Structure formats: structure tokens, C-alpha cells
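Undergrad: Structure below; questions to follow.
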Amino acid sequence: MQCALYDAGRCRSCQWIVQPIRDQLSAKTADLKGLLADFSVEQWCAPVSGPEQAFRNKAKMVVSGSVEKPLLGMLHRDGTPEDLSDCPLYPDTFAPVFATLKPFIARAGLTPYNVARKRGELKYILLTESQFDGGMMLRFVLRSETKLAQLRAALPWLQAQLPQLKVITANIQPVHMAIMEGETEIFLTEQQALAERFNDVPLWIRPQSFFQTNPVVASHLYATARDWVRQLPVHHMWDLFCGVGGFGLHCATPEMTLTGIEIAPEAIACAKQSAAELGLTNLHFQALDSTQFATGQGEVPELVLVNPPRRGIGKALCDYLSQMAPEYIIYSSCNAQTMAKDIANLPGYRIERVQLFDMFPHTAHYEVLTLLTKTR
């Protein structure tokens, strides 16, 4: 991938960009095999990759500069702003949105937040696009509600220019820290969720729900999990750390009972909406802590699927799963290091299958799907 920002030394986020994708995949595979070297792996599946550029469905832009000439991008370590509107990781559909947002910020009088001075209102612009219908969700992350009336008043102009903006919100983040969003979300449109669809499975994206940023590879990841589950004699499963329900909704069948657990209520609202659309009445999604839910149960299903954050599932959940011993565990991880540590705490299981998914090209990061089977 060619990137003028990288070539000019203005951005180094894609640290592996000079390596061909083939070499990147080889390095990631070697890293994963090194982390799992202490375990016997029955089957290594071929890694899955997607497009090298224009693959992201989400942009997280720091707003800097002045209200008349805002910059959308990032701040370097020394506080110097960098405009990343032309980043080649974003699809072509993002450029006209960024170009329109800059004069809109001036129209609405949304002064960019100045980190050094602790002054200003607009901290971030968060933009998400649906691959299903091209609809977009735009979130203005503000320091306070001071400029909310001005934002509302100027909004009709923006919506006329960019009718693809289906969901628009103001998120209030009052803390002087590099935190992307606050707890308060104020909807500025009637529509509150973005429709998405992977592999003919309806999914929904709400403002404070996690959603994978690489739709092509994520679609392969969910489809692979579905295929693995269909090969197992499973009638009841848990989907822990389930997010908007991507794994569970793909794996579920009308005959299967599935419980999905996720701590974020916004994500659970999305999962419930999808389950209702699919007409699957044996799917139950609850907004709870996954570890607390699991360890509070007196019995487990045949299959437990986990998709934890980077920290992994942790020793308490590993100990519980070891004790209760479900027949199968499917572990989806964005941090193979913590996954390997967790697997070491599951001594009663063998690794039947592993597959790497290159969700984050040009970086050292990747996603991995692992099937663990109870040793007889």
C-alpha cells in the first residue's frame, strides 16, 4: 500500500507498511506459532486476509486546529496536530464527509479542544459506515453541552449536504484525558442504530457498542466460527463477551439454545434486535459481566465461545471452565499473548484447530480463532 502520509514521515501508525502483505502474514503466523509452541496444535488452518487499503469502516479523528480551519486526524507526542483525512485505510466514501465536516465545524462554532490550554469544545469526530447500505453514523465528542444548541441549529445544513448520515449524536466527554468517549450520548436524529449485514445475518451498530473495524475479514471470522460450530454435536452454547452478537447470531440454529452475555447494554440492544429479525426465539442476550455470569452458573452448555478484550478471559473464568469442563471452547482473541496464557490455565483441553485472521494489516496485530476440545 502506498501512503503519502507515511512517505512524508507524517504518520507512523502502520509500522509494517513497507513489508508486502505476504511477509506480514508470515511474520504474524510465526508470532502466533511461537506463542503456542508449548501446546500441541492438531490443525493449522491457512490465514485469512482482506484488502490492503480502504478496508476500515470506522474513523476516529482528533479535532485540532482552529474553528475556521479545523484539522481531523491525530496529535503527535509533542502535541503537533496532523490531518489524516487522506489516510488510505479509509474508503473513498469518507473523503467527502471529512471535506464537508470542516466547514460545518466553522458554521456550528464548534471550537476544537486545545489539549495544552484545556479549552475548546469539540474533541473527536467518530465516523462509522455500514457496508450493507452505505449509511453512516457520525458522533461529535464534546467537552460539555455548551455548544449543543448551536450544533442542533446547524445540523439541517449538514444533513442536506450528506444524506448518508443516518445516525448523528453528541457524546459528552468532560474529562481532560485521552479518553475517546464519555457516558452521555445525546441523539440528534430519530434513527439510533446503523443497519449492517454480514453473511446474510442482520447486525446493528449503536454509538456505544463495539463493532469490528474490518468488515471483510470480520465476515470471514464469523462465517468460520459458524462452520466450526456446525461440525460439533452442540445443542446449547454460551457466547461470552458477545458484543452485538456477531458470533452467536452466526452460530445459532432454530434448534439450538444460546445465551449471549455482554456488559455493554447498547451492544445487547443490538443483539436482541438482530435475534428478533431472525426469528430465533431460543437466543437470550443479557447485559451482564461475562465472568460473573458464568461463574454463577451451576452447569455449563456443550460449547462456550469467548471473545474477550485484549486482557483475555482471566484466571477466574479459566478455573471455572476447567472445573465445569464443557466439551468445547472456541476462543476468539485480538491478543494471542493473553490467549496463550489463558489456554495454559485450561490444562484439560487440547488445541484442535487454529486460524489467524489479518484484521489489522500493516501492524503487528491480528485476530485468532482457536477450537479447544476437552481431553477424554
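Placed from the backbone N, Cα and C atoms, the Cβ positions cover glycine too.
Keep in mind it's a predicted model, so treat the numbers as computed, not measured.
Quick paste of what Swiss-Prot says about this protein:
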- C334: active site, nucleophile (ACT_SITE)
- C3, C11, C14, C87: [4Fe-4S] cluster binding site (BINDING)
- Q212, F241, E262, N307: S-adenosyl-L-methionine binding site (BINDING)
Undergrad: Closest to C87 ([4Fe-4S] cluster binding site): which of the recorded positions Q212, F241, E262, N307, C334, going by Cα position?
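TA: Nearest in space to C87 ([4Fe-4S] cluster binding site), counting only the recorded positions, is Q212.
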Undergrad: Ranked by the number of other Cβ atoms within 10 Å of their own Cβ, which of the recorded positions C3, C11, C14, C87, C334 ranks first?
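TA: Result of the Cβ crowding comparison: C87.
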Undergrad: Which of Q212, F241, E262, N307 (the binding-site residues) has the most other Cβ atoms within 10 Å?
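TA: Checking each of Q212, F241, E262, N307, the winner is E262.
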Undergrad: Write down the Cα-Cα distance for C334 (active site, nucleophile) and Q212 (S-adenosyl-L-methionine binding site), rounded and given in Å.
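TA: About 11 Å separates the two Cα atoms.
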Undergrad: Give the helix, strand or coil assignment DSSP yields for E262 (S-adenosyl-L-methionine binding site).
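TA: The residue in question, E262 (S-adenosyl-L-methionine binding site), is strand (DSSP, three-state).
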Undergrad: Which of the recorded positions F241, E262, N307, C334 has its Cα nearest to the Cα of C11 ([4Fe-4S] cluster binding site)?
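TA: Out of the listed candidates, the nearest Cα belongs to C334.
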Undergrad: Please report the Cα separation of C14 ([4Fe-4S] cluster binding site) and C334 (active site, nucleophile) in Å, rounded to an integer.
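TA: The separation of the Cα atoms works out to 17 Å.
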Undergrad: Greatest CA-CA distance (Å) over the residues Q212, F241, E262, N307 that the record ties to S-adenosyl-L-methionine?
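TA: Among the residues the record ties to S-adenosyl-L-methionine, max Cα distance equals 15 Å.
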Undergrad: Whole-number Å only: compute the distance from the Cα of C3 ([4Fe-4S] cluster binding site) to the Cα of C334 (active site, nucleophile).
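TA: A Cα-Cα distance of 25 Å.
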Undergrad: Can you give me the Cα-Cα distance between C334 (active site, nucleophile) and N307 (S-adenosyl-L-methionine binding site) in Å, rounded to a whole number?
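TA: If we compare the Cα positions of C334 (active site, nucleophile) and N307 (S-adenosyl-L-methionine binding site), the gap is 8 Å.
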Undergrad: Work out the three-state DSSP category of F241 (S-adenosyl-L-methionine binding site).
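TA: For F241 (S-adenosyl-L-methionine binding site) - judged by DSSP and reduced to three states - the answer is coil.
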